[in-house]
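Listed in TrEMBL for this protein:
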- 12-31: transmembrane segment (TRANSMEM)
- 37-61: transmembrane segment (TRANSMEM)
- 82-103: transmembrane segment (TRANSMEM)
- 130-149: transmembrane segment (TRANSMEM)
Amino acid sequence: MTDSPAPRAAKLLGFAGLVPSLTMVAALVLLPGYRDAAAVMGVAYGALIASFVGGAWWGLVSARAEPTAQPRMLVRSVVPALLAWLALLVPPASGCLLLAAIFASLPPMDRDLCRQGVAPAWWFGLRRPLSLAMAGLHAAAAAILVFSAA
């Protein structure tokens with residue numbers, strides 16, 4: 001696996017994708033009257049992004065993975081969406097915590113996709129900070145929701 005810089009458009013769009021989750025955390029802190037709406041929208045967006053990443057994995061694996069590795073990698077690619085769906089079914093604080101765990105668990109698959117030549121060489125270098133930022137933002141939201149409820 002060799003690192004190469006991600007295309008500028010991928011970087012800009014990837015980091016722009018953090019804006020809704022940043023907005024959720026800011027709204028939870030600064031706009032207490034919108035707390036419930038911010039939490040629900042933040043969980044929904046996080047679930048959408050986790051599903052998006054899994055879908056990207058599915059596409060990469062379907063197109064480029066070795067036939068022997070493909071079934072296992074395809075199974076791994078649907079896990080984020082299935083777990084994210086569960087995040088929509090629980091209270092927002094629990095949903096945020098589950099999403100934080102989901103996002104924190106994504107980098108190993110991104111690394112594996114690069115090591116096996118399935119993803120572009122720049123993939124892991126871009127995906128890791130994005131996944132960890134989403135994990136941190138959802139963990140922060142969960143903490144705010146739990147500790148501001150008292």
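Numbers run from 1 along the shown chain.
Cβ from N, Cα, C; glycine included.
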Ask   = Mind checking which residues reach the transmembrane segment (130-149)? Cβ under 8 Å, same chain, six or more beyond either end.
value = 14-15, 17-18, 21-22, 24-25, 28-29, 32, 35, 39, 42, 46, 49, 53, 92-94, 96-97, 99-104, 106-107, 110
Remark   = Beyond a gap of at least 6 residues from its ends, the CB atoms lying under 8 Å from the transmembrane segment (82-103) belong to 36, 39-40, 42-44, 46-48, 50-51, 131-132, 134-136, 138-139, 141-142, 145-146, 149
